[in-house]
Amino acid sequence: MSKLKNKKRHLEENEEEQLPIFDKDSGEDGHLDDGDEDPADLSDSEESVFSGLEDSGSDDEDDDEDDDEDDDDKDGSEEKSSDAEEDKADDDDGDLKLSAKDDVKPQVDSQNSKEKKKKKRKGKSVLKDGGEEDVASGRDEALKITSQVDEYDHDTSDEEDIRNTVGNIPMEWYKDYPHIGYDLDGKKIFKPIRNKDELDEFLDKMENPDYWRTVQDKMTGADIRLSDEQVDLVHRLQQGKFGDVNFNEYEPAVDFFSNEVMIHPVTNRPQDKRSFIPSLIEKEKVGKLVHAIKMGWIKPRRPKETTPQYYDLWAKEDPNSILGRHKMHVPAPKMKLPGHEESYNPPPEYLLSEEERLAWAAQDPEDRKLSFLPQKFSCLRAVPAFSRFIHERFERCLDLYLCPRQRKMRVNVNPEDLIPKLPKPKDLQPFPTTQSLVYRGHSSLVRSISVSPSGQWLVSGSDDCTVRFWEVSTARCLKTVQVGGAVKGVAWNPNPSICLVAVSYEDSVLLLNPALGDRLLCTATDQLISSYAEPEEVKEQPVQWLVSEGEGHEQGHRLVLKHPKAVRQVTWHAKGDYLACVLPDSSSSVQVLIHQVSKRRTQNPFRKSKGLVQCVSFHPVRPYFFVATQRYVRVYNLIKQELTKKLMANCKWISSMAIHPGGDNVICGSYDCRLAWFDLDLSTKPYKVLRHHKKALRSVSFHSHYPLLASGSDDGSVIVCHGMVYNDLLQNPLIVPVKVLKGHSITHDLGVLDVTFHPTQPWVFSSGADATIRLYT
């Protein structure tokens, strides 16, 4: 019975644990059955392998031998050992049969087992008689077979196939390099050549059936085709399922300790004997504690002292200490020590001149840097008594008991950390840096300038009642047109297909055809103006449209618009058909007029104007109209005819305004030396206020293509700033002053009166009170 039990146990263990050698042999041989197997089919190498395994021994065989020795007598030990060898051979045969297929249980053939036993005994005797060489050869062959099975075949790792050794870093660091990392040998891994354009990508998307499952490896830059298992895993994760297909998240739960009251206990183990007997260990501990109390080693705890519920706040204070009486005592600040200006014989540079004395007397007492005038005496005997001594002592006493004091914690801050980190100007090029040309010809203030859309011609208007046309590249005056008053503003039509210039002087707006450049363009402009047909019903308009004839027509005059009041500014719409004029007069409701040249119509967009209008401008893209008064900039929607936004400039008097080509940013210059930048998407208050100029700003301008803006001031300088507006709405505009351009001389306390940029080049023009126009490139 013991032998049968041992064999049965060996068969069960071999079913659970099989050697990889047998798995390999079974995969090659196919299904192994008792009826098909023949002992003669086994080769010598296989016999040597099995014999080597038998010689190595195992715990199971030792257990079998121990069981056989316990069951049988000592006299039959030889027979039992031979039976144990037969059991080993049977176990080996069982292993071969079980390795073929798990679900097929082998049947033991008695005849084949006897032949195998004989063969095993014969092989074993040969090993014993032949010596150690045959045993060693058998073991070597067994080791060769076992070495063919790699124990790491089933191990997986996320970084086995990664050839790039850069580590877990952002791969964007290598976007500007031709390589993407380094391999195990330290050599560069170059990026794959990607010369596909959008057409190739579209063809690949249409023709390649694996396009949808091809992804790019960020570590190597190569294209990887996802397998079906990986695609299935991605789909499952997108659907919120588990990655493992075989995982069942809804397995039935077995409530072992259910809410049902059971009759019998879960475990019916009887209680131990020690649960009924007092513990000896506790008895020893109690005895030690009693002995320690008797010896006085352990003393009882003292009762806690009961503290009163209400206590005296000043019970432990020293009444004689100053800090005890005045917890928040702050010493009075010491008086400032006298300087050189308070000396009876100060250095000459500390003595004020007559102009400085008058300026000091005109200032308020709170604004004066010194409360006295420095005086010089020949000797100390000549110094008179201080007349304001009692008054000064009285003010000191008032400061001591009336002015509150507080402690301020000083924080050591590096001043360089407070300065914003701005890029260097050389990294923001191109921008104008030097004065290249000076346009001379006017005899008075040049109040306004404008550049043609092609950038070849320049028009300027002056107080000498002339309008001059210049060639930009040579500074040559090509044409001079006389008008009937001081020119306040000029504006070249921004439409490149129309050659027309608007000039404002006194109460008139003159439309000129300069006849410069392409003759076909000039002729087409004249035909466009002359093709106007008067409507049958003529409505009353606030402006008279007059057609120029005779000598004026020969000089280029085409239309004259007579206004009821003086015109200060003219500006064109981006399409070139609408013209806006400003008539600053707070007593009248007609301060802004919009003219349509093609239909010769004029309309007043506002019933009443809130404040004195300074300047107006059209939005470059949208139907918005910007109106700047003294302190506010109002944005109107011309289609809905309503107020969209009201910008607060936080300055005393707005002088000029410019709109960014994108239309989302506005800059305003003021007479109180401020330049305010508005971000329409951010707030109605200025995003930044620049105070770089020392005197009033007269003009501001944006470049149509480059991120540049310029401001002209009465201090005779033009400051060029880099104003980058990003497409990302989360990133604020970058404003960096890059250059201060000087060249104009201050005349009658006036400096630069107007600035404008070249339409295509990073050049800026400026006109000043010195009757010159300067080009900076």
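The backbone N, Cα and C atoms fix where each Cβ goes, glycine too.
Listed features, source Swiss-Prot:
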type: COMPBIAS; residues: 22-33; note: compositional bias 'Basic and acidic residues'
type: COMPBIAS; residues: 34-47; note: compositional bias 'Acidic residues'
type: COMPBIAS; residues: 56-76; note: compositional bias 'Acidic residues'
type: COMPBIAS; residues: 84-94; note: compositional bias 'Acidic residues'
type: COMPBIAS; residues: 95-106; note: compositional bias 'Basic and acidic residues'
type: COMPBIAS; residues: 115-125; note: compositional bias 'Basic residues'
type: COMPBIAS; residues: 126-140; note: compositional bias 'Basic and acidic residues'
type: REPEAT; residues: 441-480; note: repeat 'WD 1'
type: REPEAT; residues: 482-522; note: repeat 'WD 2'
type: REPEAT; residues: 608-646; note: repeat 'WD 4'
type: REPEAT; residues: 649-688; note: repeat 'WD 5'
type: REPEAT; residues: 692-731; note: repeat 'WD 6'
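In the predicted model, residues of the repeat 'WD 5' (649-688) average a pLDDT of 93. For the repeat 'WD 5' (649-688), same-chain residues at least 6 beyond its ends with a Cβ under 8 Å from one of its own Cβ atoms are 614-615, 617-622, 624, 626, 628-633, 635, 694-705, 709, 711, 713, 723, 725, 729, 732-733, 735. The residues of the repeat 'WD 4' (608-646), classed with DSSP into helix (H, G, I), strand (E, B) and coil, number 0 helix, 20 strand, 19 coil. Secondary structure counts, DSSP: the repeat 'WD 5' (649-688) has 0 helix, 18 strand, 22 coil.
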